[in-house]
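**Q** Submitted below is the structure of interest, expressed as structure tokens.
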Amino acid sequence: MGILSVNAGSSTLKFAIYPLQDGEVQPALLSGSFEGLEPKGQMQLSWTSGTRRQQRELAAGNDPFAQALVSLSELLETEGKALRIEAVAHRVVHGGAHFRDSVLVSADVLKALQPLCPLAPLHQPHNLEGIRNFMRVLPGLPQVACFDTAFHAHLPEVEYAFALPKAVRDEGVRRYGFHGLSYQFILGELRRHGAPASGRLLMAHLGNGASLCAAREGRSIATTMGFSAVEGLMMGTRCGTLDPGVLLYLMEQGWTHDRIQKLLYKESGLLGVSGLTADMRRLRDSDSAEAKLAIDMFTYHVVRESGALTACLGGLDVLAFSGGIGEHDARLRADAAERLAYLGVRLDEQANARATGNEVLPIHAADSSVQVWVVPTDEGRVAAQDAARLLALPANG
Ligand SMILES: Nc1ncnc2c1ncn2[C@@H]1O[C@H](COP(=O)(O)OP(=O)(O)O)[C@@H](O)[C@H]1O
Ligand SMILES: CC(=O)OP(=O)(O)O
Ligand SMILES: [Mg+2]
């Protein structure tokens, strides 16, 4: 038997089936992703089943996520039939103030999660669509929602509170933090590899969405993403932290809510600054001045916020890079590390070049006072493990 995990990110839909043994999820038997989820474009489905790796191009249509879910269900019918899926674990980015741990999905849970869609418009609607889809396609199977926000549920009040009047704060207008499944996974991997992860740890999840998390004794104490999935670092298509005065100005200029939402979430970040693409690989290949500015700003904000979070930690013992950019872009890691040298960060150049996102690797030099690691993240695996814990599924391999 196995657990299917479904992770609808902002630019990808990732899936995997994990077998269980003694209550622990084992390496995935079938895993893959849909990439290039842009309306009317071509999306790429790639998957690995055992040692077989396959790839397919698909028309994305008007609603790429809905199309990807249909194609995933078809793939499970053929490839996944023998794997006996017993439960589905969904990454859901926003659990709001109420959901501080994974939960078995019911109609009431879905109803409570729906109003959070505006706080993560690139994710939450797809996350909930994924749940509804598998309720239809695999009726009767338990569906578990695993929240990005749960890892940050115990942030100190000085970190999570906005300097707003109590009446507004009491409405749940506060910082929540995201990428929690990824941070939980990174923490587990660092521990497994003998890194001092319980010390002052800074984790950088740099993908299409990007955030930093400062953890002490394995608990999140500060993070760059807040109320919604737009705060903090500059991202693929999101602007990150922005003076709220800009929004007031735009509103005065007659910009509507929908237009502003599109600007902040879909037209900004690497894409907005470069005017070219949200994909770091293409920016690296470009020689345009705007592409260079976009990369420089991205790196700058990683360094700037690393300083802020290190101050919250009172120093730094371990730095971990993850997410599509953090795992693959050695140049970004080198440039950021160079500017964090004042903290005692020194990279081993060759180790950094060797880390290509396929395995957990230390990349610090022998004289670095901070350990630096690259950790390929697996949000789906954390979700599957959590679902197994919640459902206490018996193990039979
Ligand atoms: N080899 C690479 N070099 C630089 N950046 C990369 C590389 N591979 C992937 N990326 C970046 O990772 C991003 C996707 O990150 P990922 O964490 O997988 O996305 P999501 O947040 O949607 O799950 C891509 O948009 C691209 O910018
Ligand atoms: C919360 C978030 O930004 O997620 P992702 O990196 O998958 O877009
Ligand atoms: Mg991601």
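Glycine too: its Cβ is placed from the backbone N, Cα and C atoms.
What TrEMBL records for this protein is below:
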type	residues	note
BINDING	Asn7, Glu379	Mg(2+) binding site
BINDING	Lys14, His205, Leu206, Gly207, Asn208, Gly209, Asp279, Met280, Arg281, Gly324, Ile325, Gly326, Glu327, His328	ATP binding site
BINDING	Arg91	substrate binding site
SITE	His179	site 'Transition state stabilizer'
SITE	Arg238	site 'Transition state stabilizer'
**Q** In whole Å, how far is Arg91 (substrate binding site) from Leu206 (ATP binding site) when you measure between their Cα atoms?
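**A** Spelling it out, the Cα of Leu206 (ATP binding site) and the Cα of Arg91 (substrate binding site) are 17 Å apart.
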**Q** For Ile325 (ATP binding site), just give me the three-state DSSP call.
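**A** Assignment for Ile325 (ATP binding site) reads helix.
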**Q** Out of the recorded positions I have (Asn7, Arg238, Arg281, Ile325, Glu379), which ones have their Cβ sitting under 6 Å from ligand 1?
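**A** Near ligand 1, sequence order: Arg281, Ile325.
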**Q** Looking at the recorded positions listed here (Asn7, Arg91, His179, Arg238, Glu379), whose Cα lies nearest to that of Asp279 (ATP binding site)?
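**A** Smallest Cα separation from Asp279 (ATP binding site) among Asn7, Arg91, His179, Arg238, Glu379: Arg238.
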**Q** When you rank Lys14, Asn208, Arg238, Arg281 by Cα distance to Arg91 (substrate binding site), which of the recorded positions ends up on top as the closest?
**A** Lys14
**Q** Where does Glu379 (Mg(2+) binding site) sit in DSSP terms: helix, strand, or coil?
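**A** Where Glu379 (Mg(2+) binding site) sits, the three-state DSSP reduction gives helix.
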**Q** Checking the contact step here: among the binding-site residues Asn208, Arg281, Ile325, Glu379, which have a Cα within 10 Å of the Cα of His179 (site 'Transition state stabilizer')?
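**A** Final answer, ordered: Glu379.
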**Q** What's the most sparsely packed of the binding-site residues Asn7, Asn208, counting other C-beta atoms within 10 A?
**A** Asn208
**Q** Tell me the Cβ contacts of Arg238 (site 'Transition state stabilizer') under 8 Å, same chain only and six or more apart in sequence, or just say none.
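**A** Arg238 (site 'Transition state stabilizer') has long-range Cβ partners Leu122, Gly209, Ala229, Val230, Leu264, Tyr265, Ser268, Gly269.
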**Q** Between Glu379 (Mg(2+) binding site) and Lys14 (ATP binding site), what is the CA-CA distance rounded to a whole number of Å?
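**A** Rounded to the nearest whole number, the Cα-Cα distance is 9 Å.
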**Q** What does the structure give for the C-alpha distance between Ile325 (ATP binding site) and Asn7 (Mg(2+) binding site)? Integer Å is fine.
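**A** Per the Cα atoms, Ile325 (ATP binding site) and Asn7 (Mg(2+) binding site) stand 18 Å apart.
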**Q** Which binding-site residues among Leu206, Asn208, Ile325, Glu379 have CB under 6 Å of ligand 2?
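**A** Passing the 6 Å Cβ check against ligand 2: Asn208.
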